[in-house]
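**Q** Take a look at the following structure, please.
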Amino acid sequence: MSIHISAKKGDIADKILLPGDPLRAKFIAENFLEDAVCFNEVRNMFGYTGTYKGHRVSVMGTGMGMPSISIYARELIVDYGVKTLIRVGTAGAIDPEVHVRELVLAQAAATNSNIIRNDFPEFDFPQIADFGLLDKAYHIAREMGVTTHVGNVLSSDVFYTNMPERNMALGKLGVKAIEMEAAALYYLAAQHHVKALGIMTISDNLNDPTEDTTAEERQTTFTDMMKVGLETLIAND
């Protein structure tokens, strides 16, 4: 048992999906896993372990933002021995070529957060995905016929920014989307020598708000992302 997770040793698989929304974790467990057992309800941050196509996997919510995912991911890695972590979440498109319901695989994550600069104030430490996971996820998504973009994302500390033009300028530099967790997850993976990847479904298009999705759609309809994440988790077994 850790401070924020009530599971016992052995309750959590060594590979896990990490949606931000705990209700999305519940949805994944109920709709994709067999024999799913809930291992955590602390702070309503639901976590489950079950099997997917005969492979033992877990899924757990992380909440919103880098401080929150840093708490849960670190405890999963350090206290429970998780070796492979895939974030499955939503993002807002800033690249004009990226649209709602398409996937973005975060090859790297820029950030405006100080969560990494607290450790390395004198330079920018690049946050990158595990290439093996990235490669597998890309080919799995392509085989499924899912429109998928690979590239940089911005992990932001701010959802409601007062300077949206600064974020939009990044789209002109090839940054695909804005989200709030990947950079912290990648930094933890680098520290602890484990594998991590961010798979995002575009829920909002900052270039065209008419494409935006509802809260219910974000919770229950982004199943392509969930399938790609699960298939990627078991691809090494």
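From the backbone N, Cα and C atoms, a Cβ is placed for every residue, glycine too.
The structure displayed is predicted, hence computed values, not measured ones.
What Swiss-Prot lists as active site, proton donor is Asp204. Here Swiss-Prot flags His4, Glu179, Met180, Glu181, Ser203, Asp204 as purine D-ribonucleoside binding site. Swiss-Prot lists Gly20, Arg24, Arg43, Arg87, Val88, Gly89, Thr90 with the feature phosphate binding site, giving similarity to another entry as the kind of evidence. Among the features that Swiss-Prot reports, site 'Important for catalytic activity' is placed at Arg218.
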**Q** Can you name the residues of this chain that are 6 or more positions from His4 (purine D-ribonucleoside binding site) yet have a C-beta less than 8 Å from its C-beta?
**A** Val42, Arg43, Met45, Ile71, Tyr72, Glu75
**Q** Find the longest CA to CA distance in the recorded phosphate-binding set Gly20, Arg24, Arg43, Arg87, Val88, Gly89, Thr90; express it in Å as a whole number.
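**A** Largest pairwise Cα separation, rounded: 21 Å.
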**Q** Out of Glu179, Glu181, Asp204, which of the recorded positions has the smallest number of neighbouring Cβ atoms within 10 Å?
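**A** Result for the recorded positions Glu179, Glu181, Asp204: minimum number of other Cβ atoms within 10 Å at Asp204.
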**Q** At its widest, how many Å does the recorded purine D-ribonucleoside site span between Cα atoms of His4, Glu179, Met180, Glu181, Ser203, Asp204?
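**A** Result: 31 Å between the two most distant Cα atoms.
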**Q** Using Cβ atoms only, which residues of the same chain lie under 8 Å from Met180 (purine D-ribonucleoside binding site) while being at least 6 residues apart in sequence?
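**A** Once residues fewer than 6 apart are set aside, Met180 (purine D-ribonucleoside binding site) is near Gly20, Met64, Gly65, Met66, Ser155, Ser156, Asp157, Phe159.
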**Q** Counting only other Cβ atoms and using a 10 Å cut-off, which of the binding-site residues Arg24, Arg43, Arg87 scores lowest?
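**A** Counting other Cβ atoms within 10 Å of each of the binding-site residues Arg24, Arg43, Arg87, the minimum falls on Arg43.
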**Q** Measuring Cα to Cα, how far is Arg24 (phosphate binding site) from Asp204 (active site, proton donor) in Å?
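**A** Roughly 17 Å, rounded to the nearest whole number.
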**Q** If you count Cβ atoms within 10 Å of the Cβ of Gly20 (phosphate binding site), leaving out that atom itself, what do you get?
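**A** Other Cβ atoms within 10 Å of Gly20 (phosphate binding site): 21.
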**Q** I'd like the Cβ neighbour count for Gly89 (phosphate binding site), meaning other Cβ atoms within 10 Å of its Cβ, all protein chains included.
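**A** Other Cβ atoms found within 10 Å: 25.
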